[in-house]
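What TrEMBL annotates here:
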| type | residues | note |
| --- | --- | --- |
| TRANSMEM | 48-67 | transmembrane segment |
| DOMAIN | 55-335 | domain 'Sugar phosphate transporter' |
| TRANSMEM | 79-102 | transmembrane segment |
| TRANSMEM | 114-134 | transmembrane segment |
| TRANSMEM | 140-162 | transmembrane segment |
| TRANSMEM | 169-188 | transmembrane segment |
| TRANSMEM | 194-216 | transmembrane segment |
| TRANSMEM | 228-246 | transmembrane segment |
| TRANSMEM | 266-287 | transmembrane segment |
| TRANSMEM | 294-314 | transmembrane segment |
| TRANSMEM | 320-338 | transmembrane segment |
Amino acid sequence: MSEKFFKIQIRKRIFLQKLSKDRSLFFGLARTVKAIIQLQKAKRSKRGAGLAAAVFYGVCSASMAFLNKAVISSYKFNFPFFIMACQMMITVLFLEVAGYLGKITLPPYTWRSAKSFLAPSMGYAFHASLSLMALEGMNIPMYGAVKRCTPLVNLILAVIILKKPMPSLALVLSVITITLGCFVAVLGDFSFDSYTYTLGGFSVLAQGLYLTLVQLSAENQHSTTEILQLNSYNTLGPFILMSIIMKEPENIVVSPYLADFGFHLTFWTLVSLGSVLNYSLFLCTALNSALTTSLVSVAKSVVQTFIGFFVFGGVKFHPLNITGIVMNTMGGFLYTYTKYREGQRKKMHSIEFSNKIAKDENYNKVPNGEINSLSEIKVS
């Protein structure tokens, strides 16, 4: 065969390889662009679902504080373990009926699954019980002020337990501002009681712990309904046991409000809404984060504080109360702005990283069978 024939064959092979590389580049870029578009759609959908879950939780949580206060203080029904046992029982019945009707699919409740969620459940049980005990001796504005310390606990536990990186300085400052606002507001409470405030402080620690553990469980692929199932089953028995130990049933049967229609309407609304609140709390934490859930609690407690000045006997205005609420609100705005800016930066970084990967895959990869020299061609 002549040298001219070899040159023609070489040019032909090189042309086909270039064409193959160009097609690979084109389809590779097309796949990358499609993946980026799908990723952005998924992120927008998740942000929308996360916002809806946060609003849902905020409304439920704000309503619960007033219902709890009405049942515990107005109707003198200070039986926290019995109230929580009823809430868990309603939740369990709802899950069982929904599962039987095929509306939801849940795995069977086993000792292994119960043990896997035992720590968050116990944290929840302590938080719920201590919160109800503290609310009996606190007015709603000061109760909300103490609960505003939860974001600080979540911020610390996210680094220790979830192994998250240290948050930005702006985020830390926002949470510190919210917490300082809490302490300033507490200083203006003329009805300060060390016992109830101690219970409130421990409830904040328990809430921060269980929210962080719930987030960890959600990151380990537990769905919101599974978390609700495990938490309800895990805490139902302990709540019933503690109610019996504290002799709550004996005191309930002699309550003067058992025949009152208004009491039953308020109590069963509280119990039913409590079950919905548990679902909204776990949903918000799973779709967002424990810190975001805490900040939603802070935002709704500002509304609670304002309304609480005028209901259930009201609270005397004090400059420290107003100052604390203003500090708390400013911290909330700073947190929201900081999270938005950080989200935008992560979005841009994700796009740049995807583009870099696509470029590396399409330009730097050597195709199989590429000819580097005349000597690689075998003549038959």
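Just so you know, glycine gets a Cβ as well, placed from its N, Cα and C.
Caution: TrEMBL annotation is automatic and unverified by curators.
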Please work out the mean pLDDT for the residues of the domain 'Sugar phosphate transporter' (55-335).
83
Counting only residues 6+ away from its ends, which parts of the chain sit with a Cβ under 8 Å from the transmembrane segment (169-188)?
141-142, 145-146, 148-149, 151-152, 155, 197, 291, 295, 298, 305, 318-321, 323-332, 334-335, 338-339, 342
At a Cβ cut-off of 8 Å, and with pairs 6 or more apart in sequence only, do we get at least 3 pairs between the transmembrane segment (140-162) and the transmembrane segment (79-102), yes or no?
no
To the transmembrane segment (266-287), which of 79-102, 228-246, 320-338 is linked by the most Cβ pairs under 8 Å?
79-102
Can you tell me which recorded stretch out of 48-67, 228-246, 320-338 has the most Cβ pairs within less than 8 Å of the transmembrane segment (79-102)?
228-246
Which sequence-distant residues neighbour the transmembrane segment (228-246)? Criterion: at least 6 residues beyond either end, Cβ under 8 Å.
79, 81-82, 84-85, 88-89, 91-92, 95, 106, 109, 113-114, 116-118, 120-122, 124-125, 129, 222, 278-279, 282
